[in-house]
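According to TrEMBL, the protein carries these features:
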- 12-32: transmembrane segment (TRANSMEM)
- 38-58: transmembrane segment (TRANSMEM)
- 65-84: transmembrane segment (TRANSMEM)
- 96-121: transmembrane segment (TRANSMEM)
- 133-158: transmembrane segment (TRANSMEM)
- 170-187: transmembrane segment (TRANSMEM)
- 199-219: transmembrane segment (TRANSMEM)
- 277-297: transmembrane segment (TRANSMEM)
- 317-337: transmembrane segment (TRANSMEM)
- 377-394: transmembrane segment (TRANSMEM)
- 406-426: transmembrane segment (TRANSMEM)
- 455-474: transmembrane segment (TRANSMEM)
Amino acid sequence: MIESVETPEVRTHSTLAWILVPAVIMSLGWGLRGYIGGGPFGAMIPGALVSLMLCEYLRVDVRAASVVVAFGTMGIGFGGNMTYGQTLGLIRVDETFLWGLIGTTTKGAVWGLLGGAMLGLGFIADRMRWRHLIGVIGCLLIGITIGIVCINAPRWIYFSDPLNKPRDESWAGLLAGAIALLAYLRFVQPRTFRLPATFAFYGTIGGGLGFGIGSLFLAWQPHAPEAWRWLPYWKFMEFFFGLLFGGGLGFAAYRLRDHIIADETSGNTESLPQSAARGLLGTLLGASVVLFVFYFWPRLTLLVFPNLAEVTRGSLSMTATDVLTDFTGLGCVMLLLSRRWPTVAWQLAISVTIVAAAIDWLEDLHPRGDINMPEQYRLLFLLATAAVSVIFVQRWQQSRAPKLTSLFLFAACILMGIGYLMGLGMSDIWWPNPELIAPAGGRWSFLWQEFRSEIIVHAIFATLFVLSLSACLWEQQHKEPLKPVPEGN
């Protein structure tokens, strides 16, 4: 159980490690998010990875970490509802550069604010009364709805293109939701309010600077020398965004390290022996979580709201329906279930994230790589990926001494593996057009000219991946046990 007390126990890492390790991990996750698939499900990737490592650094026991990781994963995923493609387009034009920069900085700050607040909420949610937890989730949803209705729907402040295919923005809704969440916590949880407030504060700084400064890569691209415009400036932006966002969350954890402690068995929590029947039930529950998210929830919302596809934002009722039935509403339901059942929390944070990545890869295989995979093989790949993740998470959870580092290694390797599949899933790599090879000077010259940007991206991926795994393995091998907390603290 996490307690908020003054103690100097968690001091096993240098200040630089507290900042750089989460920064590198989130940079990797954010790069994968943009590479494998965007949207809120894609944003769960960096959320899951950085939350796991922060719990490891803060010595949070496995039971409490399940809630923290679930809230951190979904909270950062909520920000994925924001549209920013056209905002980045504004920053590439001199006349709209400043407005685009304000937009990217604002959206990055909102992402960090809400993601940090939700991550911090995860540290105290396990000890909140149910009525207060439901209340804070309700405030989040109400705030999001009001913010969209009052600012985003009428486009009083609009960071997209108002003329060419204007997008529905939601940054003001997420901003209002985060403020409502923090205000409610300040009122009902004054003693532990510092945790979500600190993560929200540094998340805001890291997210705002990360997206704002990172977007300058795209602003520079049109002005770069012609010979260097092929570089992956968009990916540079994503890597940089994740780097500063993760560094901000890491620094928040560093500032809170003396206030977040676990009991002396933290990181070595022993599970009670599990029977085969209970293990099977846990696996079935994990599979049910994945099925509910990807199969039953979309059908349930259409059953309750048959005209959901025609819902447009504007009125309070229409916007509320949209918020409650999209990823935000789904996420809030799953977080309440995660607070009650650790199995739901772990499967939500890990298996749902992995399955979503697998779905994104399958959906992009033909439009991106011009590869047609038979439907039965697509289904087989998806089922195999889901089964491996669900079973691994369940077996890990019921092991005698589950380690957060083991779960991190599993998730990072699977997600990076899907990233490699995305990179290799290009027909021109395997079956290039012979008519294009000769003019390029041979097969290897053709591949370099065609995929040199991808090669740079994967070189960065490989570097971040190795650094992340190295940090995790070092933590696994050199972790020092916590000293017993003196009685009376």
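Using N, Cα and C of the backbone, Cβ positions are placed for all residues, glycine too.
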The transmembrane segment (277-297) and the transmembrane segment (406-426): do they have three or more Cβ pairs under 8 Å, with pairs 6 or more apart in sequence?
-> no
Count the Cβ pairs between the transmembrane segment (277-297) and the transmembrane segment (377-394) that lie under 8 angstroms and are 6 or more residues apart in sequence, then report whether there are at least 3.
-> yes
Taking 65-84, 170-187, 317-337, 455-474 as candidates, which has the most Cβ pairs under 8 Å with the transmembrane segment (12-32)?
-> 455-474
Under 8 Å, at least 3 Cβ pairs, sequence separation 6 or more: does that hold for the transmembrane segment (170-187) versus the transmembrane segment (65-84)?
-> yes
Cβ contacts the transmembrane segment (133-158)/the transmembrane segment (455-474), at least three under 8 Å, sequence gap 6 or more | no
Hey, which of 38-58, 199-219, 317-337, 455-474 has the most Cβ-Cβ pairs under 8 Å against the transmembrane segment (96-121)?
-> 199-219
